[in-house]
């Protein structure tokens, strides 16, 4: 075997170390020290407390927040898949005005999260537009149990075009011959859709699900602008908890521990997901 | 191959240069300068720029040095700036920080403690309103904050509606306020506007009522949230909406600016917590010419006079303090700058341009002649500092959180004492744990 020029990876590797591994290592270290406003100035000398922050984080609502974050993210993703795929199918074939429809579909995705949240916050006021439509005057959307559903609703509204884009890209890559062949075989639209077209979408959409779920979990702007801090318990998602711990309580060590715990708890199912759906393109290409 | 090597070389060089530039010192080239960090004024952006320009010119005339302004848009931006500066030991020379944030800033020990010499440099302690110094430090010997501007809290009331209801003067006790609000509530008209969903308003009510009843909520290293005075405060605050029904039910979704907007429509008797900065918004509404400021009640709920250990807290001590960074290499210039903007002319100028009240006693005195402002200046003099503790941020967060989590019950129209007690127990736990950590 010829010597491979692995050294060519060095610039990329150096960047990886600088941008990903160093901060991660730093976060790991901060999570083991008692870093707060009292020790910030001499942060190198902040007392080492081992797993102290970790035990405290488990007792301060972290698991509740992770549960809310994960369930919210998964529900949002599940709800956006059919919407995104349907929208992609609608704009697959050429017709008059398709470009306009495609552009309109992207509006929610283009708007900054801050704007989306501010507009929805206004609409979801107790005496706001949404309650007027529903005839449910005084219903609470931004506090209490219903705030959880409000968060999911707004997230779906803002995030479905991502699935749509990915599905549309996949649809465009379906070979022309495939459509012709299914036409020759006399397949009607439904069998053609479910047996021929959708299998082509599997890879990209599964990837989109993964990315979308991670985006939902990491979304801070939306809950922050919608509900403010401190957030109602029902929507005290992980980024909000970490934010309040870091920037209102100034417990940097504790919040780093929270972030590390969340990372681990979320990484495990992610890993399993990646193994199960095998997003490896080469392998899939080989099977096809 | 050759070109890619050159490219790589150039890239590395650029990176090195950029890093050198980032780490580079201040004062590069030309005369001296100081960096000043202040809040961006979103209400009067042009006026603020004009003010900055004018001050910078005056400073150059006086000292020959330049002022480089940095602004922050939110408390978070400010905090991030302070954190990075504290950690790196470089950044702004002078910070303007909110009063309630001063204890937190103090706990980082990154700011100059003001000795006799520094006070002399800024023109002496005597030039300030005494109450404005209340949150400069934990005690007289350890002060870091130089009072700059005040934004005391007051009530605003609709003169026409009060007159129509036969009320000849605004309430001075909380019970009286509730009674008057009941009288003012008829049809689509409400007695009181309260911003229940605001992220900061709620704790100010609770702290004020409790302090008036003799419980400042933090007593040394002990949190006193599970206390009858605090419980009564929450009951009163929730009661306006839940049981007295003097507040628009939509108020469970209001922030402070929404409550002001509701009041400005002219269908509300009182708006319970605002400041002189609301003047512009009020004059833009239907209440133009029909509103007056009044002091917030200073007699605790359920009482007709203040108990002996209660304090006459008309407002929390609110406004901005100036802090000089410990790492600053231009401390003398920084203090000269502080002196400039706390002297009478600059203090009157900032009031004129931006509506911020002076902390300078002589400047405040000269504003007393304006009848509209008389009340606000009085509120500033009767402002009481919130406890000076590094844990205060957590305490106010816990007090506000008790309101945030109660909003669903509040909206249903009933909130039991047991529920309130449960929330108070939770807040007590959080506040005490923060106080236990305080150093």
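Including glycine, each Cβ sits where the backbone N, Cα and C put it.
Feature annotation from TrEMBL assigns transmembrane segment to A:7-30 (among others).
TrEMBL lists A:66-91 (among others) with the feature transmembrane segment.
Taken from TrEMBL, the feature domain 'ABC transmembrane type-1' covers A:66-273.
Note on the transmembrane segment (A:103-123): residues 87, 91, 129-130, 142, 150, 154, 157-162, 164-165, 219, 221-222, 224-226 of its chain, located 6 or more positions outside it, place their CB under 8 angstroms from a CB of the stretch. According to TrEMBL, the feature transmembrane segment maps to A:103-123 (among others).
Remote same-chain residues near the transmembrane segment (A:148-171) are listed as 68, 72, 75-76, 79-81, 83-85, 87-89, 91-92, 102, 105-109, 111, 113, 116-117, 120, 124, 141-142, 197, 200-201, 203-205, 207-209, 211-212, 215-216, 219, 222-223, 226-227, 234-235, 237 (criterion: CB distance under 8 Å, separation of at least six residues from the stretch ends). If you look up TrEMBL, you'll see A:148-171 (among others) marked as transmembrane segment.
Tertiary proximity for the transmembrane segment (A:205-229) is limited to same-chain residues at least six positions away from its ends with a CB under 8 Å from its CB atoms, namely 69-70, 72-74, 76-77, 80-81, 84-85, 113-114, 116-118, 120-121, 124, 142-143, 147, 150-151, 154-155, 158-159, 162-163, 166-167, 170, 235, 237-240, 243-244, 248, 266, 270, 273-274, 277, 279. What TrEMBL lists as transmembrane segment is A:205-229 (among others).
The transmembrane segment annotation in TrEMBL covers A:249-274 (among others). Proximity of distant same-chain residues to the transmembrane segment (A:249-274), defined by a Cβ-Cβ separation under 8 Å and at least 6 residues beyond the stretch ends, is recorded for 27-28, 30-37, 40, 46, 49, 53-54, 56-58, 60, 62, 66, 69-70, 210, 214, 217, 238, 241-242.
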